[in-house]
Amino acid sequence: MDQSKHPNESFLECYFVTGRTVPHPTPEPDEAEIEAIVDIARRAVAGGAGIVQVRSKPISVRALTRLSVNIAVAVEEVNPQTKVVIDDRVDVAVALMPDHLVHGVHLGQDDLDPRLARRVLGPQAIIGLTTGTLPLVEQANEYADVIDYVGAGPFRPTPTKDSGREPLGLEGYPALVEACRVPVVAIGSVRAEDAGDLAATGVAGVAIVRGFMQAEDPTAVAQEVNQAFATRGITR
Ligand SMILES: Cc1ncc(COP(=O)(O)OP(=O)(O)O)c(N)n1
Ligand SMILES: Cc1ncsc1CCOP(=O)(O)O
Ligand SMILES: [Mg+2]
């Protein structure tokens, strides 16, 4: 992506991906659960999470929209510099971006083609793309002019998402970072205490679901991640 758009990619260092607060499978979060998820986002952002992805699956489009609006309002109150992206749904992002603190989308391999998403969302939007193997990173490089970062995982096995890919471990990241033309964000059972070791592999950030959703103190989690990148992160 154009370097002038996000000259500083540090917003990716501490990346909160929202999850569910109740055991699956309820079809979607109700109002009480939405409030609980928003409260965790608020506390993560207070600790310095630079980006929040709205992804509390399973979730209907209507509930995703409500959750995204509530998160955008809360994030704007706590720190309006924080980025908010929506998992999968370009339609929801494009509908909300004009009036809410919503910056873009995180796309999976089966979602709208990133080039089409860029056309719809415009030049300033943030677009992330899922990878997790060298072939997927090489495919993502074909989109380097329209994406801002890739997610790469799983770092470790995770109950949150069965991607079918082998866990990368710490040793898997340097080759992906080296090959990738955009910043790489590690995901999959990442805990705050992993952030230093992952930062030292060259990743631009760590994306965390359960490590925030189940934390007693989400603010402290974000602070620990940011501190780890401040001391062990590698500037590209
Ligand atoms: C930062 C980040 N990386 C990877 C993913 C996984 O996305 P995807 O493959 O689209 O799977 P779902 O999250 O939609 O189940 C992600 N969400 N965020
Ligand atoms: C969405 C996603 N993509 C790869 S792993 C993962 C889930 C990460 O969740 P957790 O941090 O709870 O392991
Ligand atoms: Mg997705």
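From the backbone N, Cα and C atoms, a Cβ is placed for every residue, glycine too.
As given in TrEMBL:
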DOMAIN    34-211  domain 'Thiamine phosphate synthase/TenI'
BINDING   GLN53, VAL54, ARG55, SER56, LYS57, ASP87, THR130, LYS161  4-amino-2-methyl-5-(diphosphooxymethyl)pyrimidine binding site
BINDING   ASP88, ASP111  Mg(2+) binding site
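The binding-site residues near ligand 2, defined by a Cβ under 6 Å from one of its atoms, are LYS161, chosen from ARG55, ASP87, LYS161.
In the three-state DSSP classification, ASP111 (Mg(2+) binding site) falls within coil.
Less than 6 Å separates the Cβ from ligand 3 in the case of ASP87, drawn from the binding-site residues GLN53, VAL54, SER56, LYS57, ASP87, LYS161 in sequence order.
For the binding-site residues ARG55, LYS57, LYS161, the greatest number of Cβ atoms within 10 Å around a candidate Cβ is found at ARG55. Across the structure, LYS57 (4-amino-2-methyl-5-(diphosphooxymethyl)pyrimidine binding site) and ASP111 (Mg(2+) binding site) are spaced 15 Å apart at their Cα atoms. Secondary structure from DSSP puts THR130 (4-amino-2-methyl-5-(diphosphooxymethyl)pyrimidine binding site) in a beta strand.
By a simple count of nearby Cβ atoms, those within 10 Å, the most crowded of the binding-site residues ASP87, ASP111 is ASP87. Each residue contributes its Cα atom, and for LYS161 (4-amino-2-methyl-5-(diphosphooxymethyl)pyrimidine binding site) and ASP111 (Mg(2+) binding site) these two points are 16 Å apart. Regional average pLDDT for the domain 'Thiamine phosphate synthase/TenI' (34-211) in the model is 98. Taking all protein chains in view, 26 other C-beta atoms sit within 10 angstroms of the C-beta of GLN53 (4-amino-2-methyl-5-(diphosphooxymethyl)pyrimidine binding site).
Cα spacing between VAL54 (4-amino-2-methyl-5-(diphosphooxymethyl)pyrimidine binding site) and ASP88 (Mg(2+) binding site): 9 Å, rounded to the nearest whole number.
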